[in-house]
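Chemist: First the structure, then my questions, so here it is.
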Amino acid sequence: MNMEIRHLGRVDYLPTYEAMQAFTLERTAATPNSLWICEHPPVYTQGLAGKIEHVLNPGDIPVVQTNRGGQVTYHGPGQVVAYPLIDLKQAGYYVKEYVYRIEEAVIRTLSHFGVTGHRVPGAPGIYVRLDDPFSHARLRPSPQPSPKGRGSSTPVLLPPLPGEGGGGGGPDPDPFHSLGKIAALGIKVSRHCTYHGVALNVAMDLEPFSRINPCGYAGLKTVDLRTIGVSVTWQEAADVLGQKLSSYLAP
């Protein structure tokens, strides 16, 4: 499966969204898969599950309704945004595995810079430990209310196993208190073809995240590589993420 990587630079969100839709609508079985890598001026985007009450105080930052999955997120300068435009039928895997592969590419990108990324069941995206983002400490799922009030698995940091210097852990009343979100994911699949994608925070002004409930979670902390002590340029992060996505999305 060949994949063309296109570096778009800094581009407005809405025309990029419209271009993704057009690309997907017009593509045929002969259309090569493509990976668009870009950066957006400040914008909030709402997913299909988004609720207006999660947009707390947008101010002068526009809010764009989209057809991707998920809830509200923020895009802005200093964030690498990657849009894989993939024919899953050609790729030979289904949506669940597609999401897993995107997350794995982000985890491997973070690992390249010495950071340990974590998945959180029921909360798509990638998270890091705020107390030690370079630690390999495990996370254990624990049933907690989801943003919609249903049960879901959210993380509790595990101390060492017996014999490793510690005891067991219990449910945390604030399961995200020790975690920060460093990458957000939201996709759309139309006629087995994907668009939208993933955003990795590199060196941003993080203040706009405080004006929303990111991904529908009130108080969820958002971090970037700079905040956790990793000095890397946008282009360096974009190049590594592009390479990892190209590799992990291959059949």
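A Cβ is built for glycine as well, from the same backbone N, Cα and C atoms used for every other residue.
What Swiss-Prot records for C215 is active site, acyl-thioester intermediate, and it gives sequence analysis as the kind of evidence. Annotation source Swiss-Prot lists substrate binding site at R68, G69, G70, Q71, V72, T73, Y74, H75, A184, L185, G186, G197, V198, A199. For 29-251, the entry in Swiss-Prot reads domain 'BPL/LPL catalytic'. According to Swiss-Prot, the feature region 'Disordered' maps to 137-174. The site 'Lowers pKa of active site Cys' annotation in Swiss-Prot covers K181 and is backed by sequence analysis.
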Chemist: For substrate, with binders R68, G69, G70, Q71, V72, T73, Y74, H75, A184, L185, G186, G197, V198, A199, what's the maximum Cα separation in whole Å?
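Modeler: It comes out at 16 Å between the most distant Cα atoms.
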Chemist: For each of the recorded positions (A184, C215), count the other CB atoms lying within 10 A of its CB, then report the residue with the highest count.
Modeler: A184
Chemist: Mean pLDDT, the domain 'BPL/LPL catalytic' (29-251)?
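Modeler: Averaging the confidence scores along the domain 'BPL/LPL catalytic' (29-251) gives 87.
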Chemist: Counting Cβ atoms within 10 Å of each candidate's own Cβ, which of the binding-site residues G70, G186 comes out highest?
Modeler: G186
Chemist: For V72 (substrate binding site), what is the secondary structure state per DSSP, taken as helix, strand or coil?
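Modeler: SS state of V72 (substrate binding site) = coil.
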